[in-house]
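Note sheet for the following structure.
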Amino acid sequence: TVILGEVANFVAYVYAPAVLVTPLGALSIIISSYKFDSAILAHFMLNERLPRMGVLGCVSCIVGSVVIVLHAPQEQPLNSVEEVWNLATQPAFLIYVAATISTVLALVLHFEPRFGQTNMLVYLGICSLMGSITVVSIKAIGIAIKLTLDGINQIAYPQTWLFLTVAAICVVTQLNYLNKALDTYNAAVVSPVYYVMFTTLTIVASAIMFKDWKGQDASSIASEICGFITVLTGTIILHSTRDQEPPPSRGTVTWYVRGDSFKNLDGEHLLNIHESEER
C-alpha cells in the first residue's frame, strides 16, 4: 500500500502543479503517520485516544487543503520534454539551481562537520533544498512517461535521461541526510520542521520553473498562501501532541517465597504480576 501511495503521488505531479500536490501531502499525516498509524482508524480500531489538540490539527490540515484545492492554479499543458527543458534553462530557474547547489555545498563541506550534531537545520536544509530539485525533476520524468505512453516517444531525448540522473542523485542525497537527521534528533521534531522547509522550497522551485501562479489574481494567490499556512499549522500541532501523551502506566510485581522466609537458591519462587486497570 505504501508503494501504491508513492506511485499515486508520482502520477499526481504529472497532472497537477506542485503548488497543489505538495501541500496536500499533509493529509498523509492524518491517514498514515500520526501515532504510528492512522489518526482516525487508530481512534476506533486500536482504542487510542485522540487529544483535542490532535483533532484541531487534523481539522486544520483538512481546512487548509480544501482552501488550496479551491484556489489552485490550472496545470499548463506540456507537449514534449524539450519544453520542460526550456523551462528548466530559463535564467530565473538557473539562478535558483545555482543558489541551491552553492548552499548545499556550503552546508555539506563547512557546516555539517561543525554543527551537524548540534543543529538539525543543517541536515534538514540539505534535504529540503535537494528535495525541491527532486520534485521538479520527477515532474519532468512523469511528463516524459505520460507522453511516451500516449505515443509521443520521449525516450530518445537526452533531456529525459538527464532529468532521471538528476532525480536519482537528489533522492540519494536527500534520503542520506534525512536518515542522519532522524538518527540524531527526535523524529517528532524533525518531521514537522522538514515538512515545512521541504514544502516551502518545493513550491518556490515549482513556481519559478513552471510559473504555476501565472495568470492568477492576487486574491487567489493570497488564499493559497493562507491555506498553506493553515496546513503547516495543523502539521505542527499534530506532531506536538505526540510529546504531550502520558507514558503508559507500569504494573506492580510481587515476589512470593514458599516455605522458609529466607530467599535461597533452593526455594520455590512464584512471580505474580498485577497490571493496572488502565492497561
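Yeah, the Cβs are placed from backbone N, Cα and C, and that goes for glycine too.
What TrEMBL records for this protein:
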{"type": "TRANSMEM", "residues": "12-32", "note": "transmembrane segment"}
{"type": "TRANSMEM", "residues": "53-72", "note": "transmembrane segment"}
{"type": "TRANSMEM", "residues": "92-109", "note": "transmembrane segment"}
{"type": "TRANSMEM", "residues": "121-145", "note": "transmembrane segment"}
{"type": "TRANSMEM", "residues": "160-178", "note": "transmembrane segment"}
{"type": "TRANSMEM", "residues": "185-209", "note": "transmembrane segment"}
{"type": "TRANSMEM", "residues": "221-240", "note": "transmembrane segment"}
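Spatially, the transmembrane segment (121-145) is adjacent to the transmembrane segment (185-209); three or more Cβ-Cβ distances between them are under 8 Å for residues at least 6 apart in sequence. Contact between the transmembrane segment (53-72) and the transmembrane segment (221-240) is supported by 3 or more Cβ pairs under 8 Å, counting only residues 6 or more apart in sequence.
Packing against the transmembrane segment (160-178) from elsewhere in the chain are residues 81, 84, 104, 123-124, 126-127, 130-131, 133-134, 137-138, 140-141, 144, 154, 194: each is 6 or more residues past its ends and has a CB under 8 Å from a CB in it.
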